[in-house]
Amino acid sequence: MKKTTLLVILDGWGYSDSDYFNAIKNANTPTWDSIWQEFPKTLINASSLEVGLPRSQMGNSEVGHVNIGCGRVVYQELTKIDKAIEEKTFGDNKAICAAIDNVIKNDSNLHLIGLLSPGGVHSHEEHIFEMIKIAKQKGIKRLYLHAFLDGRDTPPRSAEKSIKKADKLLQDLNLGYIASVCGRYYAMDRDNRWDRVEKAYNAIVNANADFIYDSALEALEQSYARDQSDEFVIPTCIKKDGHLVKVQDNDSVIFMNFRADRAREISHAFTDESFDHFPRKKHLNINFTTLTEYDSKLKCAVAFPPEQPINTLGEVLMKNHKTQLRIAETEKYPHVTFFFNGGREEQFEGEDRILIPSPKVATYDLQPEMSAPEVTDKLVAAINSGKYDCIVCNYANSDMVGHTGNYEAAMQAIEYLDKCIARLKDAILEHDGNMFITADHGNADMMVNPETQKPHTAHTTNLVPFIYVGHKKAQVALEHGKLSDIAPTLLNVMGIAQPKEMTGKTIFNFEK
């Protein structure tokens with residue numbers, strides 16, 4: 001029987017002393033409260049420069065899992081792209097130049113698609129604005145922006161400012177206009193809800209939508225009148241001088257999101273020759289370019305390809321002949337696998353994976369427990385089996401229910417997780433294992449913005465907990481730790497040497 005070391009990542013579980021609409025603090029959590037009092041604990045950083053993001057930028061699930069799994073600060077795509085813009089090399093990028101050259105050669109159209117948002121989680125609107133300026137400088141005559149609206153990593157009704165900025169820039173440059181708008185709920189699905197993606201695709205490619213208006217602002221106003229906030233804006237086309245924009249052969253499409261997980265599905269709809277998730281009129285002959293690599297299987301150009309880190313936690317465990325398990329429900333499965341392994345799709349030798357389907361509900365406040373019962377059943381069985389040296393799991397609830405802005409549902413989610421943690425604690429202690437509990441970023445710790453008194457659906461920049469549960473004596477060895485210090489801590493408790501590529505430090509010292 002192996003003594004399992006378990007890492008539990010509570011997605012969106014930040015720490016705050018404030019009890020103002022703090023679903024984590026105000027929920028009834030007897031297990032969490034007793035663990036917090038009884039076992040060694042500290043708070044660590046999960047945002048900003050400490051995870052390779054710009055200063056004051058909130059963390060997110062992708063960034064969090066990359067930093068945890070790699071055991072070092074990994075500079076994120078947002079930071080890399082910002083640097084390229086600052087150093088004025090963005091416009092020299094080979095993939096971007098090729099997309100623009102294709103348009104000029106064929107006298108065709110350039111389409112920019114992506115999340116028009118200052119959120120900085122999946123995209124940043126400043127990248128879109130810079131791309132528009134570069135297109136003008138390089139001689140593009142017709143540029144059309146297909147704007148996905150946020151309302152999740154930003155306040156629910158905050159898109160007006162971004163739309164006005166984009167409209168003004170396009171008008172000032174006499175370059176084109178916003179040709180369609182669409183809530184990210186449709187264009188950025190990641191759970192195989194292809195009916196949503198189909199609506200977004202048809203609006204962008206075929207100018208086929210339920211609603212057509214004369215401007216993006218009018219589309220937004222009418223959406224609010226239907227009580228649809230930014231995230232849920234039904235795909236809408238914009239008609240200018242009687243003209244609707246379609247994507248045609250020989251056009252170039254540049255996808256301006258830098259985060260992969262919610263950009264994959266619609267990218268496959270654009271690029272796969274044998275695509276069969278919904279009917280398309282035809283397979284387009286276009287130049288399709290993505291800002292970063294969304295999926296190695298996509299047939300497209302990539303402006304900023306990934307740099308593969310070596311000696312991640314998964315790789316070190318493999319080299320030491322350890323068995324490992326990754327488990328999560330659909331919403332967070334890529335995070336404990338692809339992102340945790342530093343952007344590697346393939347499993348390591350000795351690495352098993354369990355995917356639990358997320359419930360098919362419109363929004364997760366309708367089912368706050370999500371698939372946590374099934375995840376916990378599988379986890380307890382895996383611990384009891386004695387098969388695994390290391391298990392990494394993710395509970396999605398505090399993040400996904402937190403994003404709905406429903407405070408009562410978020411508290412229900414937290415209370416359910418507390419029961420799950422109780423089962424894990426009992427199993428780990430019974431088998432003399434080690435359990436670490438942490439989070440990748442905050443969310444449910446602030447469900448209402450205290451300044452605006454409106455629902456807060458974005459992540460927070462609060463510190464996150466890091467707790468050791470086990471029979472070993474542990475002392476906090478590192479003040480002001482961060483997510484990249486977690487992997488070295490796991491290696492420490494497992495008695496495995498830390499590779500030089502891991503620059504993180506152990507958070508706890510354990511008595512031998």
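Including glycine, each Cβ sits where the backbone N, Cα and C put it.
If you look up Swiss-Prot, you'll see SER61 marked as active site, phosphoserine intermediate, on the strength of sequence analysis. Counting every protein chain shown, the Cβ of SER61 (active site, phosphoserine intermediate) has 28 other Cβ atoms within 10 Å.
A coil conformation is recorded for HIS441 (Mn(2+) 2 binding site) in the three-state DSSP classification, outside any helix or strand. A sphere of 10 angstroms centred on the C-beta of HIS441 (Mn(2+) 2 binding site) encloses 26 other C-beta atoms. Positions annotated as Mn(2+) 2 binding site by Swiss-Prot, on the basis of sequence analysis: ASP11, SER61, ASP440, HIS441.
DSSP gives ARG262 (substrate binding site) a coil state; it is part of no helix or strand. Taken from Swiss-Prot, the feature substrate binding site applies to HIS122, ARG152, ASP153, ARG184, ARG190, ARG259, ALA260, ASP261, ARG262, LYS332.
Summarising the annotation, Swiss-Prot assigns Mn(2+) 1 binding site to ASP399, HIS403, HIS459. Using a 10 Å radius centred on the Cβ of HIS403 (Mn(2+) 1 binding site) and all shown protein chains, the other Cβ atoms total 23. DSSP assigns HIS403 (Mn(2+) 1 binding site) to a helix.
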Just to be sure I understand: of SER61, HIS122, ASP153, ASP399, HIS459, which recorded positions have a C-alpha no more than 10 angstroms from the C-alpha of HIS441 (Mn(2+) 2 binding site)?
SER61, ASP399, HIS459
Of all the recorded positions given, namely ASP11, SER61, ASP399, HIS403, ASP440, which is spatially nearest to ASP153 (substrate binding site) at the Cα level?
HIS403
From recorded positions SER61, ASP399, ASP440, the one whose Cα lies nearest ALA260 (substrate binding site)
SER61
Set of same-chain residues at least 6 away whose C-beta sits under 8 angstroms from ARG190 (substrate binding site):
ASP261, ARG262, ARG264, GLU265, GLU331, PRO334
Inside 8 A of the center formed by the CB atoms of ASP11, SER61, ASP440, HIS441, which other residues of the chain have their CB, for the recorded Mn(2+) 2 site?
ILE9, GLY12, ALA46, GLY59, ASN60, GLY64, HIS65, LYS332, HIS335, ASN394, ASP399, ALA439, ASN443, HIS459
ASP153, ASP399 as binding-site residues, winner by CB count within 10 A:
ASP399
